[in-house]
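Peer 1: The structure follows.
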C-alpha cells in the first residue's frame, strides 16, 4: 500500500472572474494583478511543501498559478509541471464568455437549477465527474509507479490511524503527520466542486470532525486550497483505493492579509 497527500488548488483570479463571466475551456485568459498576488500568497503558504509531482490543467490561468506557487517553494522550485487536460474546467458551451446571470436565465428557461443545467455544447456534471475519475486513475498509477510501497526509503510509514488525526494547527502542514509523499494539482472552481462531491459522496472520504456540508461543497475561492490523503494499492483487478480522508476544503487563510490590504 502507498499513502500520499493531494493538495488541490483553484487558480488565481482572472479579469473574467472579477467581471463574473464564464470562462470554461474556450476562454483562456491570464491572471489579473489580484490573481498574481493570490498565487504568490498561496506559494508563501505552501513554500515548505516538498512535492513529488505537480499536475496542472493546461489552461494558462492554472499554469500561471502553478508556476508562481513553485517559484516560492524552498523544496522543489524547479519541479517540472505535468500538464493534464483532465483537470481542465467544466466546458460551458455557448455560455462561455457570457455573464453568469445569462447562465441562470438559460437554466430558468429550461426549468432547471443553474447547478444542474448544461448549456448547449457544454459538459454535464456527470461528464466532468468521469474526467476526474480518469484523473484519479492516472494519479494512482503514477504514484505507484514512482514510489515502491515495499521500499522503506520511498514507502510512507503512515497508517489509517495516523491519517484520522489531522493537525490541529490549521497550517500548511495540516493533516500530513507520517505522510511522506505529496502531490499538488492546480485546477478550476466548477471542476473542484464536482471532484470534492465525488470523493465524499461516492468514494466515502472520511471527514474531519465538525465539518459542515455547507463548507464542504461551497464554491472554491480563487487559490482556495483543499487537501485529501489517499492510500492506494495494487490488486488482481487493478488499482484499489483502500483509504481516503478529506483533511480540509476551500481553505483561504493565506488570503487574509491580501484581502485586508485591498
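Numbers run from 1 along the shown chain.
Cβ atoms are placed via backbone N, Cα and C, with glycine included.
According to TrEMBL, the substrate binding site annotation covers 10, 11, 12, 13, 14, 15, 16, 17, 61, 100. Taken from TrEMBL, the feature active site, tele-phosphohistidine intermediate covers 11. Annotated active site, proton donor/acceptor per TrEMBL: 89, in sequence order.
If you look at the structure here, what lies around each of the features I listed?
Peer 2: For residue 12 (substrate binding site), the count of additional Cβ atoms within 10 Å of its Cβ stands at 28 [all protein chains shown].
The Cβ of residue 11 (active site, tele-phosphohistidine intermediate) has 29 other Cβ atoms within 10 Å, all protein chains considered.
Residues near residue 89 (active site, proton donor/acceptor) in space but far in sequence (CB under 8 A, at least 6 apart, same chain), listed by position: 23, 24, 25, 57, 59, 187, 188, 189, 190, 191.
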Peer 1: So which of the binding-site residues is most packed in, judged by how many other Cβ atoms lie within 10 Å of its Cβ, out of 10, 61?
Peer 2: 10
Peer 1: Near residue 14 (substrate binding site), which residues of its own chain have a C-beta under 8 A away, given they sit six or more steps off in sequence?
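Peer 2: Correct list: 23, 29, 30, 31, 32, 35, 61.
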Peer 1: I'd like the Cβ neighbour count for residue 16 (substrate binding site), meaning other Cβ atoms within 10 Å of its Cβ, all protein chains included.
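Peer 2: There are 17 such Cβ atoms around residue 16 (substrate binding site).
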